[in-house]
Amino acid sequence: MELSLLGFINLIISLNMEYQKIILMLIVTSICVYWIFFLPFEWKERYSLHAGKESILRNDTKRLTINRFRKAKQHSSNKMPPPYPNGEQLVVYRTQNNKVFIVDAYCPHLGANLGVGGRVDGDCIVCPFHQWSFRGSDGKCAKIPYSASVPRSAQVKSWTSQEINGFIFVWYHVDSTEKPWSLPLTINDDQFIYHGRNEFFVNCHIREIPENGADNIHFNSIHNECFMSGKMGKSSKFFQYCHHKWNSSWIPSKNYKHFAEIKLSHALQIFGKFYCFRMDISGLQVGPAYVCMEINSSIFGTFRIYQTITPIEPLLQKVIHRFYGPRWLAPFMKIFILGESIMFQRDVTIWNHKDLLQNPVLAKEDTSIKKFRMWYSQFYTSNSKSLTDEAISIW
Ligand code: FES
Ligand SMILES: [Fe+2]
């Protein structure tokens, strides 16, 4: 027998009060269980220091961009390392066979943007202007609908890419000499399901964000106050007896030159005496903007966080953390995502307002920052674009 929604409501109304209460409780409990265990938790920090809401950010005005550069010029006491690894305009598309291709955005015919109004046809992307088709695998023009011949130079650049853990990575090297790295780090385990993510827009140089992993001192400095007391500078008396304690180290990997290893241990200290929520975190930094972290806790088992940094502009980065763990951990993961987001906001506050010092005055205990900068310099060559080159290419 099929029961319509109206019929179901009528049936409930006709029941006595006791049954109505039980049914209501069942419905509310089911919704809560569904929300807690099956819906990912997403935290989006839509605000950026200079651009305001993301809607404004997307259509960022020239004035705001100029202001960012002006600020960078005024406040950077010395020469900045190349700020932005490419400045290319690319189109990413997925075929019906689930293959992902990345090609240059501008059509070699008359320059239309393939990503604005273009459509996918088989493995090709079709230009919205005169319908030329370009193959994703090699970028060659496969068809011109109104011509029997295709000019030999009708081609867009096809970029090497890899899809992994729900992210699409593109290989870029300014000199095109180094062989693409492979990214072997897949979730590769049915036990690990996606629990949610957070997203932030940060106004800083791209190097500042991964440098955080090598800045061992900052953990006990800005991540010491209980996450429940909120963002930086919002310390609450209520949580004054609850602190996070950290121990960390950073070293370049012995296996691959573009890897570095972060070891971090955490404990929550209560009343200055008792320790709980101990966690050991191993992070693998892969290249300039990708970090994979595995967290081991004696109570909660193992879960993972993946961090990516996408340069939007020379001094504007989009940072995403994605969280994976067993299904049963879902209630804890929601609290963990909230805590990590608040902790990361404290870093964002610092980055949004800090200066980038090329020759900082370091204490003896800060040596890993120096090592990090030497390691990070491998991601630039003498041909990397400077801040001024980038500024010119933007307007
Ligand atoms: S501009 Fe792309 S087909 Fe003409
Ligand atoms: Fe931090």
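Using N, Cα and C of the backbone, Cβ positions are placed for all residues, glycine too.
What TrEMBL says about a protein is an automatic prediction, not a curated fact.
Database features (TrEMBL):
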TRANSMEM  22-41  transmembrane segment
DOMAIN    70-170  domain 'Rieske'
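Each residue in the domain 'Rieske' (70-170) has a pLDDT score, and their mean in this model is 89. Helix, strand and coil residue tallies for the domain 'Rieske' (70-170), in that order: 6 helix, 36 strand, 59 coil [DSSP].
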